[in-house]
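To start, the structure itself, in structure tokens.
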């Protein structure tokens, strides 16, 4: 055999690594560099491989590794072929990539093969498959464009430390509203991040490291989850906390910022991976893209509105948008918007060109790459010089392109760009250059897009086979076709005939080796088929003949079929193995029994499978027997010893060791049931299993030290490993097999069952899969110490139906797979056959029923993530590559794309599963626990590299109906919100999901991986729709090549199987999982917790397996609701809108008390918030946060407070009226990128006090748009009242302020965004905003000892939602009463310049008035600039309970205490906290502004917002601390008493009264205990109001306007 390996490279590879010279290493590197299968590796990786790889040659029929072998290396096949995991591997190909854990499958060398063996890295070594993270050596160079359009080139040296702190993608996208954690404002000159300070386009990691360290070290002991979590939860939390976040560096930006001369081949490859999906590069060849990437310059525009190109300006570059949006204003008035991936600028010519129109940025932080005119022209025109056109009869039939894959010159050649279908078929047998090594695979996958029938290719191949020089090439093509796409042949009679004819040609030409490989491939890839036959009577002939039987060691095979018979017409053919007949298993049945069954039935439903390989082995054995030639004896007569070529792992039956008449396991290729056993004899292609240990050979090692058999309250028995080999087997002594350390996993006792007695005592028995019931009885009798022979006992299964019916059955002696068969509602009992006692009492039956009823909170989050990932991965890996093509090109294939559709549906199913679980739980505390549970599951899915389920869970948590449950979310511990935020950050949609893609291609992301499937579909769809299928009448094969590459990358993610035993724990390899022998999950395996033993402890094994069974049963019986309207109704039922409050709130309070968290009662210092209410008719709306008025709620240092932002409100006309409207939903929490994120993009989470900004008016939205107020700071945002003219409307938002007489006091102006209906995309469950009208209400308050009572005024209760500025807690005990008495307004008017406790006025937007959140946020009093740590990207927040745990005595607030008393009432720690200081100011117009700034950098604050017009921001230096005597609050007691006199709503007030007397004040509720703890920020006077008032008010009707 001529070796394809370069002799020099082979000689160098044969040397031991320490003996290799630099010349040897360079020779090996050059050879590896030229291999296409290694083209994705960078130079440093190939250098490492050159030092570690070695050359090896293996003979045929040799076992390379077994399923139990620990993975320590991987292979590159250079010649020959191997069979692994049911697939034939042909050169050049790599296989066996796995890091740790057992192989999980066998690998057989089919013919003499050469391979390169690459050792896995040790713990202290760098992995070859991990990309290098070198210190940055080159200078960064990019251009900045300021607001005026002036360009500045930034060239600097970057410190290594600053670069190593960058997480994965890091551009701050304008659409992701506030991705950063908050820090105090730092000027650009003081910024610690060189990238942010230099470029001005913040990389989302600017402050990531600081917040990680600051928050991570904070004491979490005061968080409320402590009393809730169990010990297991705490240990699991520790594991979660120790988990390394999936953060990486922004490699793409690093490459972009390099000088063109500094860009390496690795940099260009990195840019190519990113750029090839942008529309601007569509229909360009790969060589053109490569050249463009090598010369592109990076540009950043920091501000929106910056002019990039003026009208009439000379053009000198071609621009491609990487991030942001630009607007081109043409001279004719036409406006054109361009988005990410679009291009503008010059055309490929050297002529002078001028800009027509003005190009300006629409958002902050726009990023571009630009290519100079000279380079652009040169590259695009150079393509013509590199192309070669093939003409026939004057027509172009093929276009080649000369391509260089790198600058080394070693990888260059011609590649087909486009051609006619005939020429593409012809090219199959032509020589393929090094730059196009996958042409055959690409063609066989994509031919279906331009050929009507595969037979067109088959006919040509049969013709070429007759030519001797082409025979080997044709055979390789057919082998690849069968191995990669066997579904093209199954079910297609024409292609089946082609395959039969090709086999006959191989036989005629004596190409037995190739024929054997073809048979193996067919057997490994074949799937079960259904054939239905009808016989006229039992005596009718079968029309086909049989062979085989278990007595021969084979299954039942079809030996011949009568031509033209019904059997032939039904698809039955020679070589088919019959797997089942009418549901009866035929895999291990005698020949006579099989014939009897077939003859005695007139209706035959056959399940068959093509297994020509084993069928020929059967014929060979039969011929040997007839000729009298002795054959190698079958090894033992154990079913478990029959090994065959199979494509799906499964179980192998094993009969009893004591069985006198032993049944022999058939040589089958059964799919899905039998374990893969491809062990072949060296001298003959037999299917005999090498087994090394003799009878009981391992039994002596099965002591307590090995399996952990220490008795724990229950007795324990271990089944001995049955002997399986006869010592007379001569073939076991052959060198090939005697060196193997092979054992059948089904023989390993790694499962545990629990057996009960009548008196309910139990013992644990460690068994294997094939242990029989009789053997279990024997050991159970021994363990229980029973007298009498084991024959007098039997094993019974007792089960209880949900209705309580007890079922009992005796199990047959040979019954096996006992651990897998037992259900949750069943038990195994040891029964005395001589007695008739009741095994399971009614009480025990009820206990069984209870145990079988599962709830989400009973399940282990690790186990749920494991089984979820296992289930999804099984679906994912079963997707045929052709299904992607059929789905993409909308082809009607015979096989269909059922697997693809099922996997596509997973995201929606799992998303609605999350919502169903949360919303079907009535108890609020349990709802919080379920949310916490799902966050843990998502974290574990991340470790399993199951991004699909992780995304689905995040999407479910952000559904509108879930996100609005404010009271539930506020109970969630802060650290889980941070965990959720970290998960959501992975799916940041900036730069085409760059962060997620960076993680996916990072060093730890080795298979198995379940990718985010919507992104996979999007990428393929872009490649399809962004490139023409035909160019100039020729098939665009460059497009097909790119699609094939994408599909190969997806399929490569399934190249290793998931091993549930290696994910998080050392548990049973087979128990509790559908496929036990699976490969390790690299990077996802937890170190075992100390309390879990790595030894096989019987009780622990049983508990783990029981949990796995519970999870499987739970997942299989899920009843998922998919109606979002029902979700909304359930959500409102648990946390209703305030418009639905009843007259008496005592029932609600009593219900809340049952849910009360065990957290200690809050003191007076732990205040909650007064919430303004904004009604909305629809269920999903976008809202703005309210400033927290009294945020001193000590829940722990890292507990992020619910955010409320006091917004200036706009007074509406008095003629507008709303009454009796029910508002079903509240506000949406913070908005991220509605423009570009996918519909379910989890850009932010539903968190307390966060709102969603309407994208239509959020162009200028920056960190100043929102603020988050620390729960530890004393912050008040109060405004006095003043008149504002309608002329003071905002220019951008066109909002109007109605004129109000000066006597009304302060008027806060609010602008409302109008762009809600403009959203082109929104997440699941989003609805459009329809702002309703409501009158402004006067509000004053009185608080009783029992709770904050109805002296509060409620606007018509809208479901304002979690964290919205209109929100109100359902458990805040705030009753609201309208104050119709104009005198109370008059009274308040006298305090126009006096400090008031709360916001003064509140209004709602009308349908006709725009609603601009960005401006209204900027007008917020006391607002600190800071991005929101938690964002909601799909749903509205709820008008739910603000703080459910706030119970107990609540003091009334009156105004009789002194300012000193007020300050004394503060908690000492909060009052004296030096971090935050409150600034109080009085302006000329009577507006009082309280701003909070911080003297040091903090993780929650970034910078204060710009001071709005009409407001005066006061710096700390200008202010003296202490009370301000000029700020005297009004005496509220008078207003309170007057408010009780009348119950008219404001709607009854005359217009003049309202227009002149509109003042609103909503005080915060304060939960108090002893009076000394009362917190009264900025209230100079405090007093008491009698409890009688509160009790009397409690039964009054809540009035809503």
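Every residue gets a Cβ built from N, Cα and C, even glycine.
Residues or ranges marked as nucleoside 3',5'-cyclic phosphate binding site by Swiss-Prot: 280-399. A coil conformation is recorded for residue 310 (nucleoside 3',5'-cyclic phosphate binding site) in the three-state DSSP classification, outside any helix or strand.
Taken from Swiss-Prot, the feature domain 'Ras-associating' applies to 749-835.
According to Swiss-Prot, the N-acetylmethionine annotation covers 1.
Swiss-Prot lists 3 with the feature phosphoserine.
Annotated region 'Disordered' per Swiss-Prot: 1-22 (among others), in sequence order. Using DSSP to sort the residues of the region 'Disordered' (1-22) gives these counts of helix, strand and coil: 12 helix, 0 strand, 10 coil.
The region 'Disordered' annotation in Swiss-Prot covers 179-250 (among others).
The region 'Disordered' annotation in Swiss-Prot covers 1192-1274 (among others).
If you look up Swiss-Prot, you'll see 1302-1324 (among others) marked as region 'Disordered'.
Residues or ranges marked as region 'Disordered' by Swiss-Prot: 1455-1478 (among others).
Look at Swiss-Prot and you will find 1571-1601 (among others) tagged as region 'Disordered'.
Cβ crowding, taken as the number of other Cβ atoms within 10 Å, peaks at 340 among the binding-site residues 340, 355. Spatially close to residue 385 (nucleoside 3',5'-cyclic phosphate binding site) yet at least six residues away along the chain is no residue at all, judged by Cβ distances under 8 angstroms. DSSP assigns residue 325 (nucleoside 3',5'-cyclic phosphate binding site) to coil in the three-state reduction, placing it in neither a helix nor a strand. Remark: secondary structure over the domain 'Ras-associating' (749-835) totals 19 helix, 32 strand, 36 coil, with classes taken from DSSP. In this structure, residue 355 (nucleoside 3',5'-cyclic phosphate binding site) belongs to neither helix nor strand by DSSP; it is coil. Annotation note: residue 385 (nucleoside 3',5'-cyclic phosphate binding site) sits in a helical segment as assigned by DSSP.
Taking all protein chains in view, 20 other C-beta atoms sit within 10 angstroms of the C-beta of residue 370 (nucleoside 3',5'-cyclic phosphate binding site).
A helical conformation is recorded for residue 280 (nucleoside 3',5'-cyclic phosphate binding site) in the three-state DSSP classification.
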